[in-house]
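Asker: Below: one structure in structure tokens.
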């Protein structure tokens, strides 16, 4: 692996600049602040790109052109959308529970942003490389259930309430197979740290060793991010827009931003756990050496965007589940499957150890 | 096997993804209207017209008004030819009945005006402006046009 990448260079440059002025502790703190700013930039830029990408992918999959009026190839469409949302009136319905209603979009954004702390963007370029990284991600992602319920309850609207209840039922049910599928990978690595999970995949990606876990993860992650075919929470055909019904303008766009931030986060976690993170394609021979020269963050971005494309592909292919189908699929199919996967992984690890005589 | 339909569906959508879009980019690109389209105003070839007035007589709404003058050989010459597209119902009777096939549709389906007078077109003037009189080699309307 190349030890110096662009993030390392920036970090060491900042350190050499700041440490004579501030001392070591303050320098560490300011490096974290720089990381946070970087993550926020990544989140917002991604939201801008993903809104356009979603609409373009939707267009292409329906043999349309997608947005193409604003700017060349519709590139400025998101800018126009954002300006429109910013200039809208901040309307608050009379009967809403003011605090709960107003806090929900902001609170939803916090776990979405916090999850980025443990995503390994490149070699040694994890904002905070916790030794319980994936555990932290799971803990934070389960927090995003509550703001949905808050939005649903606070809106004082029966459809929003239904949507909020659905969010709780769905996200809690699908969290269990999600975590169990991650567990298979953790058993192989023996560590919860994101950087060591990536390091462990230098020879073979875990998507080959844990294909069932990967499929379960992708399905459960689709449900976690409330995207079609699991968008029972929003479900515009039945319950208007679920918890988002009473929101408009920037408040509504916070939900949207959080959705895309979550989408990127789960795709990045899928990349990290199953697709080798920032590591290049493990090919033998000269081709593998050539692939080493591509920077890690490009590999990471390419794999993550591929996963995002897969999620979009799902969205524009599959029709929505019914609520009872959703629950029975989660509890009766995904959960036993993920448990069986854990069992088989454990047995496999045992036999592997017996074989190598460990 | 259960779940194979999901893969089939995803295969269909990825095929659509790489297919050429079917969108008609109308204001940028004129759509292909086809030979049997009826619309716009009347494209008149003044040199071919024999001023017989059959088009005027066949019009059910009286949207075509033409006048002619006779020369010393007692031959008619077109002096005015006005098409009121506000009255026209685009039935195609005038064009079918023309014995010398000197009128046709311009296919400009998108015109509008602030008053009714804006929808009245002087076809001789139009032909002069746009050069419809230039003899063009064009395939004649196929069979099946006949009523």
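Positions of Cβ are set from backbone N, Cα and C atoms, glycine also.
Any TrEMBL annotation is an automated prediction that lacks curation.
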Asker: For the feature transmembrane segment as recorded in TrEMBL, pick the matching range from A:131-151, A:236-256.
Answerer: A:131-151
Asker: When TrEMBL marks a stretch as transmembrane segment, which of A:12-32, A:33-53 is it?
Answerer: A:33-53
Asker: For the record in TrEMBL, which of the ranges A:67-87, A:172-192 is the transmembrane segment one?
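Answerer: In TrEMBL, the transmembrane segment feature sits at A:172-192.
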Asker: Which sequence-distant residues neighbour the transmembrane segment (A:204-223)? Criterion: at least 6 residues beyond either end, Cβ under 8 Å.
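Answerer: For the transmembrane segment (A:204-223), the nonlocal Cβ contacts are 170-171, 173-175, 177-178, 180-182, 184-185, 188, 229-230, 266-267, 269-270, 273-276, 282, 307, 310-311, 314, 326, 330, 334, 337-338, 341, 345.
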Asker: Quick test of the contact rule: Cβ under 8 Å, at least six residues beyond the ends. What residues does that give for the transmembrane segment (A:33-53)?
Answerer: 10, 14, 67, 74-75, 77-79, 81-82, 112-113, 116-117, 121, 127-128, 256-257, 260-261, 263-264, 308-309, 312
Asker: Below 8 Å between Cβ atoms, which of the listed ranges A:131-151, A:290-313, A:333-352 makes the most pairs with the transmembrane segment (A:172-192)?
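Answerer: Against the transmembrane segment (A:172-192), the leading stretch is A:333-352.
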Asker: For the transmembrane segment (A:290-313), give me same-chain residues lying six or more residues beyond its boundaries with a C-beta closer than 8 angstroms to one of its C-beta atoms, as numbers and ranges.
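Answerer: Same-chain contacts beyond the ends: 1-2, 5-7, 50, 53-54, 57-58, 61, 120-123, 125, 218, 221-222, 225, 227, 263-264, 266-268, 270-271, 275-281, 283.
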